[in-house]
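**Q** Please find one structure pasted underneath; my questions will follow.
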Amino acid sequence: MGTNNTSNNNGTTKKMSLEEFLGNDTLGESVWDEEDINLDAISNTTNIDILKQTKAGEHQRDGHQQHPHGGHGPMNRSRFSNAGPFGGGSMGDFANHHHPLQHQQGPPYIVKFSDLPPRFSNFDIEDLFQAKFTKFIKFKLFWEINKNPSISTLKSGSIFDQNFKRDSKVAFVELYTSRDMDKILNYWTTPLKEIYHITTAPAEFEDFKDYSTKVKLLTDPKDDAGKPFITKTQRSKSNPFGSAKPVDTQSKILDIEEKMENLHVEDTTTLRASLIPSSDSMATTATGSKITILKKQTPTEEESHSATPTPKPLSYSEVVERSVVNETSKKGTPLSKLDSPALELQSKPDKSDEFKGGDEQGFEKGGDDKAQLDVSNDKDKGSETDVDKQFTFKNVEREHSMSRTKYNGNHNNNNGNFRGSNRYRGGPNGSSYKGGHNNRGNRGGYRGGSSYNNNNNNTNDNNNNNNNSSSNNNNGSRYHDRQNNEEGLTSDSSLDASGNKKNDFTNSTSNTQQYSIFKPASGFLGQGNNDSIRNNGRGNYNSSGMNGGSRGRGFGRGRGFGRGAYNNRGSRGGRGSSGNYSNYNNRTTDMPL
């Protein structure tokens, strides 16, 4: 057996294939017999202490008393020689290679972090170890010790300045195991130094005691190293204006305003004089400058007497009266006062409605003679009452309705104007008589008054009842008819012996009809006779010849019969409640509305 081994060692080594190795029976028939393997020994956990004792026994038995790398530990052996569980002591050899053996002696395992910035705090230490997934037992922050203080600092400096510096801090961290310490020293040192300028090294216990002793001298809580210390640097602002200074204009303005209030004057020359120094002001006052204050001149006696007195405020009735007068004057209605007292209207003894008050207007009597009307028309005077007195209206039950003027057919064309003037709406009307040579009727009077137009153009031009008229026409009469007249007045036309038309105004009550206050346009209800048409408001009675028709406006603003076919066109009706009434001749009949 020994000769074979020597021959094999001396000769070339024969390589065995896998088949030859499996078929070799040199080590026994069942090399891979599972029964020969102790499974209990494999399942047991290997104890590090047992391995250490085993290795120590082997070293003592072999007579090796010194570590191969020269490291000496207590009891003449290295502390980290067999620290690794995997044998060989490689972890301990690597640690001893980088650091002296005296720093690795037993717990506590403490690492020192130096050159920390002043803002470093307890939170930053915890954050660092949490980021690296490393646990620690405890830590302590200190200010860096001032090892060489200056003489001035030792004499006049504070306790903190004599022992510590505020430029940097140090931290001592105690770890659980030596593996954590080796990890920090091997893998954290270079990044922390390059990025944060932090130095990492194993801590010495004597150094830790020195820091702990000096920190007890600090009593001010502001000197706690565990809190961040941030120096407040005041930045000096650069003046954008350089050496220039802003001008104080506000004080000057306030000074000027104060002087203006004291002087109570707005004269700029006086203000300037007040701003001049005292020496200059004396010179200016010596020249005799005076302050002139502008005031409103009081009026003299002559001007005060010549000035018109302030008019008194007008009452409501006076304002209404003036407005009515202005309107009538604009329309060109002649208003003439009577020299004689107003004539009273003849009335029957059984009249039920009458006008009471100082503002009464007289009506011309209706006579049998047409010459009387012509004379009154020639005088061109209307009755007018005193307007300064108040007008009152007594509204009693009426037996007679308002007067209606009825005009039957005639053989002539009569042209007349009737334009009523109404000082108070709904009051009596002042009438005027004005003849004219018109083939066309005119508009009616003011609201509440009735108009009567009568065309009397004589074909022979030989009958002129108006003595003062220079026209070739028979002037019609102008007549105002109140909507609430005390009597019903009718106008009947007839022919005299000479063939001329004769207008007779008589008092008639046979054709009267009850008037409804709530139905001012009661004729609109369909009554067919001529009396149903009430001449209220501004309506006109237009008659234009034998076959002519008038284009009057009916009840409200409706249109009447239409434009005449043969003769002149009728005049426009008013806005009152009455419409226009057209008559052709004696033989024509009135058309119902």
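Each Cβ is built from the backbone N, Cα and C atoms, and glycine gets one as well.
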**Q** Swiss-Prot annotation omega-N-methylarginine: which of Arg423, Arg447, Arg587 has it?
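**A** Residue annotated omega-N-methylarginine in Swiss-Prot: Arg447.
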**Q** Among the residues Ser78, Ser150, Ser243, Ser493, which does Swiss-Prot list with the feature phosphoserine?
**A** Ser150
**Q** Based on the annotations in Swiss-Prot, which residue of Arg425, Arg478, Arg572 is described as omega-N-methylarginine?
**A** Arg425
**Q** In Swiss-Prot, which of these is labelled phosphoserine: Ser238, Ser383, Ser432?
**A** Ser238
**Q** Let me know the most crowded of the modified residues, choosing from Ser150, Ser238 and counting other Cβ atoms within 10 Å.
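**A** Comparing the modified residues Ser150, Ser238, the most crowded Cβ belongs to Ser150.
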**Q** Sort out the residues at least 6 away from either end of the compositional bias 'Polar residues' (231-241), same chain, that have Cβ-Cβ distances under 8 Å to it, and list them.
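**A** Apart from its flanks, the compositional bias 'Polar residues' (231-241) reaches 118, 166.
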**Q** Between Ser238 (phosphoserine) and Ser150 (phosphoserine), how far is it from one CA atom to the other, in Å?
**A** 35
